[in-house]
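Visitor: This is the structure, below, for whatever I ask next.
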Amino acid sequence: MLPLLRKAKRMSCLLSQTLLPCSAANSVCNFKPTHSLIAPHHLLLPRLLGLRPKIEFWGSVRGMATKMDSIQQNPEAISYLNQKEAAEIDEILMGPLGFSVDQLMELAGLSVAAAIAEVYRPSEDSRVLTICGPGNNGGDGLVAARHLYHFGYKPFICYPKRTAKPLYDGLVTQLESLSVPFLSLEDLPKDLSDSFDILVDAMFGFSFHGSPRPPFDDLIQRLVALKINGDTHQKSPAIISIDIPSGWHVEEGDLSGEGIKPDMLVSLTAPKLCAKRFSGLHHFLGGRFVPPSIRNKFNLQLPAYPGTSMCVRIGKPPKIDISSLRENYISPALLEEEVVADPFDQFQKWFDDAMAAGLKEPNAMALSTTGKDGKPSSRIVLLKGFDKDGFVWYTNYEGRKGQQIAENPHAALLFYWDDLNRQVRIEGPVQKVSDEESEQYFHSRPRGSQIGAIVSQQSTVIPGRHVLLDEYKQLEAKYSDGSVIPKPKYWGGYRLKPELFEFWQGQKSRLHDRLCYIPETVDGKTAWRIERLAP
């Protein structure tokens with residue numbers, strides 16, 4: 001699952017950078033971007049234009065909503081385990097189902113690291129102290145620290161009661177090979193707030209019972225004291241507990257009311273009963289390894305894991321003050337003497353970087369158009385080719401974007417590559433590509449997409465989704481013999497010929513780099529002038 005703030009970004013709108021260029025084409029270089037937020041829908045900008053807002057929501061559906069959706073949002077619908085059930089599940093996993101202790105520990109530690117990365121970013125909360133107990137929960141913490149190192153964090157380990165078992169020796173060796181510091185009790189600073197951003201409580205798991213003994217009783221109290229005295233510090237470290245907060249009763253929770261109060265709880269396999277009393281901001285479930293046989297035997301109701309993620313949030317994300325969302329970008333400087341003279345070549349260079357970074361759909365771009373009424377609209381489309389002649393995409397000519405382009409053949413494109421802190425704005429006139437080019441691309445598409453282009457009378461009002469599905473099935477049957485599917489006359493490509501490029505690189509303190517390429521004629525030849533714009 002994408003990180004929380006990144007997910008919030010992608011569900012927001014392209015207000016400043018995709019709408020304003022369309023309505024303010026004469027002041028392109030004076031346009032000042034804020035956080036660019038890509039989303040698969042477009043919004044009009046009513047306050048600036050004095051219009052009533054029209055909002056369109058667009059979703060790519062890969063599966064129908066299931067019971068898992070309600071389970072994920074409602075913690076009460078999730079199964080919680082008592083201590084006996086948790087122990088029995090572990091015995092089954094390591095018995096008939098063939099899991100080894102180190103396999104389960106690896107999966108658990110990876111889940112914990114993934115959950116931490118969902119909420120806390122290494123650029124802001126990098127210093128992580130993992131306090132490890134003598135048992136398996138401590139092993140989970142060691143594995144989590146190793147993964148956090150590879151995620152870009154700076155882990156530290158406090159492991160006061162080491163065991164001589166080879167499994168744990170191996171984990172220690174792995175961390176030492178990465179030069180992860182091991183801190184003794186004497187090495188720990190008196191005030192943990194001064195030295196760490198995140199504290200991982202990996203002392204005791206669900207199998208522990210009784211009262212914590214030295215030195216863990218003191219360590220627990222130091223974590224407790226952080227929340228009691230947190231108001232005396234500018235920022236108190238976040239406390240993350242693995243499976244159960246150390247010192248809590250597995251089923252009854254914090255009996256004394258004076259125990260650890262973690263900011264995040266990462267339950268493993270399934271939440272334990274004490275998790276019902278967890279009141280922190282972030283509750284995640286980790287350990288994506290529970291097979292159907294165990295789900296059925298214990299009648300477990302668990303949320304679905306998104307995509308390839310090893311963790312899933314339980315309950316709704318905490319409410320966030322949108323005005324407080326910000327990120328201090330850390331990027332190499334974008335300097336005039338280091339960029340390519342030709343903006344097409346510079347775009348190719350950055351596009352190659354986005355591909356190499358493994359970004360999802362790096363060819364996704366916001367297309368902003370404006371009709372004769374001056375009302376702008378934006379949406380995400382996919383770039384399908386570019387060269388020195390321009391940037392090409394394909395669509396229905398009779399949809400809203402096609403109508404606006406027919407009335408005003410000028411548009412703006414915006415690429416936003418979040419993980420690289422980069423965006424590229426491109427503006428210029430638009431014209432249709434040749435019928436031959438559209439025909440060739442149409443038949444290169446999957447047959448399902450070809451049929452979909454025929455079915456969709458884009459932007460027209462329809463009574464329901466069933467209309468699309470019914471017509472799709474009819475056409476699918478019609479062309480089931482493999483015959484050529486004719487391209488609709490109303491479907492084809494557009495090409496935008498750039499008259500302006502802007503390359504944006506996010507930097508610290510909002511002092512972003514913005515290099516603008518503007519064409520000019522020199523000795524009868526077109527060249528590109530590079531100007532730096534204030535952020």
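Glycine is no exception: its Cβ is also placed from the backbone N, Cα and C atoms.
Annotations in TrEMBL come from automatic prediction, not curation.
Sharing the feature lines straight out of TrEMBL:
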- Asn136, Asn137, Gly138, Gly139, Asp140, Gly205, Phe206, Ser207, Phe208, His209, Gly210, Ser211, Asp243: (6S)-NADPHX binding site (BINDING)
- Asn137, Asp201, Ser246: K(+) binding site (BINDING)
- 86-302: domain 'YjeF N-terminal' (DOMAIN)
Visitor: Distance check, please: Cα of Asn136 ((6S)-NADPHX binding site) against Cα of Asp201 (K(+) binding site), rounded to an integer number of angstrom.
Guide: 13
Visitor: Could you tell me which of these binding-site residues, Asn136, Ser246, has the fewest other Cβ atoms within 10 Å of its Cβ?
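Guide: Result for the binding-site residues Asn136, Ser246: minimum number of other Cβ atoms within 10 Å at Asn136.
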Visitor: Taking just the CA atoms, what is the gap between Gly138 ((6S)-NADPHX binding site) and Asp201 (K(+) binding site) in Å?
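Guide: It is 9 Å, counting Cα to Cα.
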Visitor: In whole Å, note down how far the CA of Ser246 (K(+) binding site) lies from the CA of Phe208 ((6S)-NADPHX binding site).
Guide: 9
Visitor: Using a 10 Å radius around each Cβ and all protein chains in view, which of these binding-site residues has the most neighbours: Gly138, Gly210?
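Guide: The largest 10 Å Cβ neighbour count belongs to Gly138.
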Visitor: Given the binding-site residues Asn137, Asp201, Ser246, state which is nearest to Gly210 ((6S)-NADPHX binding site) when distance is taken between Cα atoms.
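Guide: Closest by Cα distance to Gly210 ((6S)-NADPHX binding site) among the binding-site residues Asn137, Asp201, Ser246: Ser246.
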Visitor: Excluding near sequence neighbours, so keeping only residues 6 or more apart in the same chain, what lies with its CB under 8 A of Asp140 ((6S)-NADPHX binding site)?
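Guide: The answer is Met105, Ala108, Gly109, Val112, Ala202, Gly205, Ile242, Asp243, Leu268.
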Visitor: Please work out the number of neighbouring Cβ atoms within 10 Å of the Cβ of Asp201 (K(+) binding site), leaving out its own Cβ.
Guide: 28
Visitor: In Å, rounded, how far does the Cα of Ser246 (K(+) binding site) sit from the Cα of Phe206 ((6S)-NADPHX binding site)?
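Guide: A Cα-Cα distance of 9 Å.
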Visitor: What's the CA-CA gap between Asn137 (K(+) binding site) and Phe206 ((6S)-NADPHX binding site) in angstrom, rounded?
Guide: 9
Visitor: Enter the number of other CB atoms within 10 angstroms of the CB of Asp243 ((6S)-NADPHX binding site).
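Guide: Asp243 ((6S)-NADPHX binding site) is surrounded by 29 other Cβ atoms within 10 Å.
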Visitor: Provide the number of Cβ atoms within 10 Å of the Cβ of Phe208 ((6S)-NADPHX binding site), excluding the reference atom itself.
Guide: 20
Visitor: For the recorded K(+) site, whose residues are Asn137, Asp201, Ser246, find every other residue on that chain with a C-beta no more than 8 angstroms from the centre of their C-beta atoms, and list them by sequence position.
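Guide: Leaving out the recorded residues gives Ile131, Gly133, Gly138, Gly141, Ala202, Met203, Phe204, Gly205, Ser241, Ile242, Asp243, Ile244, Pro245.
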Visitor: Are there any residues at least 6 positions away along the chain from Phe206 ((6S)-NADPHX binding site) with a Cβ closer than 8 Å to its Cβ? List them or say none.
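Guide: Result: Leu81, Gln83, Ala86, Ala87, Asp243, Ile244, Val250, Lys272.
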Visitor: Report, as a single number, how many Cβ atoms besides its own are within 10 Å of the Cβ of Asn137 (K(+) binding site).
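Guide: Asn137 (K(+) binding site): 25 neighbouring Cβ atoms within 10 Å.
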